[in-house]
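According to Swiss-Prot, the features are:
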type: DOMAIN; residues: 112-294; note: domain 'ATP-grasp'
type: BINDING; residues: K148, D185, F186, D194, R218, A219, N220; note: ATP binding site
type: BINDING; residues: D255, E267; note: Mn(2+) 1 binding site
type: BINDING; residues: D255, E267; note: Mg(2+) 1 binding site
type: BINDING; residues: E267, N269; note: Mn(2+) 2 binding site
type: BINDING; residues: E267, N269; note: Mg(2+) 2 binding site
Amino acid sequence: MKLLMLCREPRLYSCQRLKEAAKRQGHEMDILDPNRCLLKLSQNPPHFQIFYQENSGSKPYLLPDYDAVLPRFGTTSTQMGCSVLQHFEGKGTFCLNLSQAFLNARDKWKSLQLLLKTGVPVPNSFLSGGEVQAQATIPHISSPTILKMLNGSQGIGVILAEKPQSAVSIMEAFKQTNISMLQQDFIEEAGNADIRCFVIGDQVVATMQRIGQDGEFRANCHRGGKTEKIILSDDEKQIAIRATKAIGLDVAGVDLIRSKNGLLVLEVNASPGLEMIEKTSGVDIAAEIIDYIEINAFINLR
């Protein structure tokens, strides 16, 4: 098969692992930056064409047909990346995570709405409109509370406010820069630990527990946390699978937290990193992803 990965940083561990796994299984893989794509819509066939400019001085060339597309772009490329994905969808190409599902996952508030709508447990959460005074949110939030930027990643834009007035001050400051923030109950009993599940299709293929540094409430590895192996029950795995389906994804990193009221879903990531979870779990996730593409791209072609 001829595969395409949409990614701005081809040297990243995850991109290299996926390319190696594809090559090992006899496939070609191109890695291209979605921000260098030119999309063309035509009334007459071919209706969907995609051109690519290698650099600022080169002439854009027409991309060939691909058997499958893997989106691995970051939050700064979401809009263009999803436009490119949608173009491939228009061409009938199999995409590992559709554009709408990708957009769902990148919107933290919409994700929570979709999860709760389908019965997936999430922390109590709160979002106020731009004309609502921050002070008016105090009766509706717990203390301490977590504040999150709607499009943050890797723990960036996540703040712990110990007191209600601190939360108000933070919200007022961000409001000045037109940045909306959602508020969530702080799950104190979980300490500084959470769980990452890697879901492919109908299976949880790998898990790990993430533990934040001393004095750090965020468990993200990018914030200096450590990881450990963890075994989940079948019921806990089902929550991660249901969360993935609620967002509409084929492949996802689902972040879970254990609370006194049971397991809760914190977030569903459409482009989860492979490095820490492969090294912690010992699972060759890259090969599992290529296996999944082989099966589903073939079904898509029939």
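Using N, Cα and C of the backbone, Cβ positions are placed for all residues, glycine too.
Positions of Swiss-Prot features highlighted on the structure.
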residue : record                : DSSP (3 states)
K148    : ATP binding site      : strand
D185    : ATP binding site      : strand
D194    : ATP binding site      : strand
D255    : Mn(2+) 1 binding site : strand
E267    : Mn(2+) 1 binding site : strand
Taking the Cα of N269 (Mn(2+) 2 binding site) as the centre, which of the binding-site residues listed as K148, D185, F186, D255 lie within 10 Å of it? D255
For D194 (ATP binding site), just count the other CB atoms lying within 10 A of its CB, please. 23
Are there any residues in the same chain, six or more apart in sequence, whose C-beta is under 8 angstroms from the C-beta of D255 (Mn(2+) 1 binding site), and if so which? D194, I195, R196, C197, V265, L266, E267, V268, N269
Ranked by the number of other Cβ atoms within 10 Å of their own Cβ, which of the binding-site residues D185, E267 ranks first? E267
